[in-house]
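Here's what TrEMBL has on this protein:
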- 13-46: domain 'EGF-like' (DOMAIN)
- 36-45: disulfide bond (DISULFID)
- 51-111: domain 'Chitin-binding type-2' (DOMAIN)
- 123-181: domain 'Chitin-binding type-2' (DOMAIN)
- 188-224: domain 'EGF-like' (DOMAIN)
- 214-223: disulfide bond (DISULFID)
- 268-303: domain 'VWFA' (DOMAIN)
């Protein structure tokens, strides 16, 4: 609370961080969100990220080496490394490059990237060719590399399909006949052929539909809107300018995330002063109750 000669101003904050744990790998903001340290992610900053994972890798999706519920998204052009997690009850399928229900879809969950451990289909394919390259019948954007009769799923760079005519990854329009991704017994065109993420995310196929995994700082289904720093909504004290990615704070709040109470712009709460220039207890209680009725306050102290 701040007081001038005839008025006082109140800035109210709750100690929400007392109830939030960032696992000693991040800092809690006034909105109760964790801003994770480098190499850590997750709502509570408990998930470790290997920032060097994507070094030397083509753009695409890669299984986490030890966690079947997680996968990495690599973007070679920007050298970005993103660690994402599958939804409840699903595991990452490197061959399909989607999170799938293991009870319905064949999922190759193992320690070590690149080996198709549960791959009866691909292993049988490589039984006819010891060394060489074959199309992946389950994913147009990857191919099967047979090495000494062992099958390995190899991804193409982002946006490219395997072209069996030149035995290399190529632009989808150059692949004849046009490649389609198998979904069970039906063949459908890959919905990620078109860049639906506006260059601000990675497209994955989930249940036959294109889903964007937006890069940090971008929102919406097609990653078209810029989010303010730390993915907070300006501490609920302002609005995020989706063009600039900056918070436009309400009076009296300021700061990058509207987390600072600016006393010079604080809301004016008027009251009647007695002759001594101070507020009486009765007037303070009346003002306090009015504030409680207007905004949800935990504690208001008289100074």
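Just so you know, glycine gets a Cβ as well, placed from its N, Cα and C.
A quick note: this is a predicted structure, and the numbers were derived from the prediction, not measured.
Recorded features from TrEMBL, shown on the structure.
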residue: 36; record: disulfide bond; Cβ within 10 Å: 21
residue: 45; record: disulfide bond; Cβ within 10 Å: 21
residue: 214; record: disulfide bond; Cβ within 10 Å: 20
residue: 223; record: disulfide bond; Cβ within 10 Å: 21
Ask   = Could you count the residues of the domain 'EGF-like' (13-46) that DSSP puts in helix, in strand and in coil?
value = 4 helix, 8 strand, 22 coil
Query = Rounded to a whole number, how many Å is the Cα of residue 214 (disulfide bond) away from the Cα of residue 45 (disulfide bond)?
reply = 19
Task = Whole-number Å only: compute the distance from the Cα of residue 36 (disulfide bond) to the Cα of residue 223 (disulfide bond).
result = 22
Remark   = DSSP composition of the domain 'Chitin-binding type-2' (51-111), residue counts helix/strand/coil, works out to 0 helix, 22 strand, 39 coil
Message = Using the alpha carbons only, what distance in Å do you get between residue 223 (disulfide bond) and residue 45 (disulfide bond) once rounded?
response = 23
